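Here's the structure, in structure tokens; my notes come after.
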Amino acid sequence: MGDRLTGLHAPTTEAGAASADHTAVVRPGFRDTAKAYVEVTKPISVGLLAFTAAAMMVVAGATHPVSGWLFVQALLAVVLACAGANAVSCYVDRDMDAQMGRTRRRPVPSGRISPPARALYWGLFLFVASLGLAWNLNPIAWITLWGGMLGYVVVYSLWLKRRSVWNIVIGGVSGGMPALFGWAAVTGEISLLPVLIAALVVLWIPNHIWSLAIFYREEYARVKVPMLPVVYELRRALNWLLLTVVLMVVFSVLIYFVGDWGLVYLATALVMGAAALALSVHIYRNPERRKAWVLFKFSSPYLAVLFLSMMVDVWLR
């Protein structure tokens, strides 16, 4: 776990001098370098957000024709956009990441991508590639993708992350943009349903991040990142966390009444929502780090299963 940090032991003078000469000529192989450049994009995070976009394309495709090429092009665009945003964010956060046990082994602080500016250039390259693909779709899709990247990198990473306790609430708006993009890529417009679904993702983000911040509370405090559970007394922070989970579940049910859904989505929203509420109430009544970890580990499957149920519901019509 993150609270078990291992130290780095200095070598003896003789061994250190000998190993210095030896390691000075060692170069990482292509495989290790490629792995580092993939890792800096946070592929698991990219996969989840891209999945929300793919699900929205399937949902929109129930009433609008979707070619295979459009689907692939849009999916590739959102993958590159999210990957680019994460790579730039890792460059911005390199000093903070180097001080946290959870993040110090990331490619930039660990030196696997060096100099650090290479992560920045890699992210910017992915930005440009994603915007080029989105431009071939339609203007609304391009704007939502551009807005999502700017929101994450500029509003969250550069501006709010180290300045405001509400960093993830405001900056989290960018997390809903892939869902909006998926809908816009197919329809060329934005309507109430995709806005509500994007809002659901935005409400999911505080639950996801704050539960992690509770578990790593001491580390966030040490690097002076004002996450709400770090700045506020824990009970007050849990009040806000529980509120966002309640709103998230309410929105998931509201989406059923706004869209043309069947019982698959409704049943999934109710069951997964009940589980999210139960875990949140559990930690609210008895605040413990391990319960925060359980809530964090549940949050990603919650979102993935909910969006999967949207696609299954459409396929079964």
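Here the Cβ of each residue, glycine as well, is placed from N, Cα and C on the backbone.
Values in this document were obtained by computation on a predicted structure and should not be read as measured data.
Swiss-Prot lists 43-63, 65-85, 119-139, 140-160, 168-188, 195-215, 238-258, 261-281, 292-312 with the feature transmembrane segment, giving sequence analysis as the kind of evidence.
Segment contact holds for the transmembrane segment (168-188) and the transmembrane segment (65-85), given three or more CB pairs below 8 angstroms at sequence separation of 6 or more.
Across the candidate stretches 43-63, 65-85, 119-139, 140-160, 195-215, the maximum count of CB pairs under 8 A to the transmembrane segment (238-258) is reached by 195-215. Within its own chain, the transmembrane segment (140-160) is flanked in space by residues 74, 77-78, 81-82, 84-85, 88-89, 92-93, 127, 130-131, 134, 166-168, 170-175, 177-178, 180-181, 184-185, 188-190, which lie at least six positions past its ends and keep a Cβ under 8 Å from the stretch. For the transmembrane segment (261-281), the residues of the chain that approach it from at least six positions outside its boundaries are 207, 241-242, 245-246, 248-249, 252-253, 255, 291, 294-295, 298-299, 302, 305-306, 309-310, 312-313, 316-317, judged by C-beta separation under 8 angstroms. Beyond the ends of the transmembrane segment (65-85), by six or more residues, the same chain brings 41-43, 45-46, 49-50, 53-54, 57, 122-127, 129-131, 133-134, 136-137, 141, 145, 148-149, 152-153, 174, 178, 181-182, 185-186 to within a C-beta distance below 8 angstroms of the stretch.
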